[in-house]
Amino acid sequence: MDEGESESLHRVEIPPSKPWSKSLQSSLKETFFPDDPFRQLKNKPISRKIVLGLQYFIPILEWGPRYSFEFLRADLLAGITIVSLAVPQGINYASLANIPPVIGLYSSLVPPIVYAMLGSSKDVAVGPVAVGSLLIASMLGKEVSPTENPKLYVDLVFTAIFFAGVFEAALGFLRLYNSDAHGSPF
């Protein structure tokens, strides 16, 4: 290395050490809120903070007022396409999980409607997946026969899915899980 090159290099200093509590606080903040959603709330009146907070957790409140008729036409076409795929898919996934087909229809049609209002991505497909259906059938089929005791079996399916949803929602709220990247267990 020439002398001229060494003058252009900068020495990088090691940052000063922080107290343990500050380091822990910084690590927790980065883990739970990497995008710092509350940054936009600083120096705002309380009414604006409430509105921004609601818009953060319920995105339809942010984009809903700007929704136009052109978007409605495109969304209706997309909805018809989704329904044409979701109906047979829901029935088949329900048969994989050994539950009545009508439950499969609800599980295929309701999540996209709910996600349209509460979700943060316009390009994500939500609904049941084959692996989740097979997992539910194999897990619960060992304990209860879906043909001998169908009511108990369906109740157990609902219970298992309820707790999976609560767990997934808690992870999402704590920013430990990106629900946009995964499908519903069923």
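Please read every residue number as a count from 1 along the shown chain.
Just so you know, glycine gets a Cβ as well, placed from its N, Cα and C.
Taken from TrEMBL, the feature region 'Disordered' applies to 1-23.
For the domain 'SLC26A/SulP transporter' (72-176), DSSP puts the residue distribution at 79 helix, 0 strand, 26 coil. What TrEMBL lists as domain 'SLC26A/SulP transporter' is 72-176.
The transmembrane segment annotation in TrEMBL covers 99-118 (among others).
Residues annotated as transmembrane segment in TrEMBL: 124-141 (among others).
Per TrEMBL, the feature transmembrane segment maps to 153-177 (among others).
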For this session: Can you check how the pLDDT averages out over the domain 'SLC26A/SulP transporter' (72-176)?
Result: 88
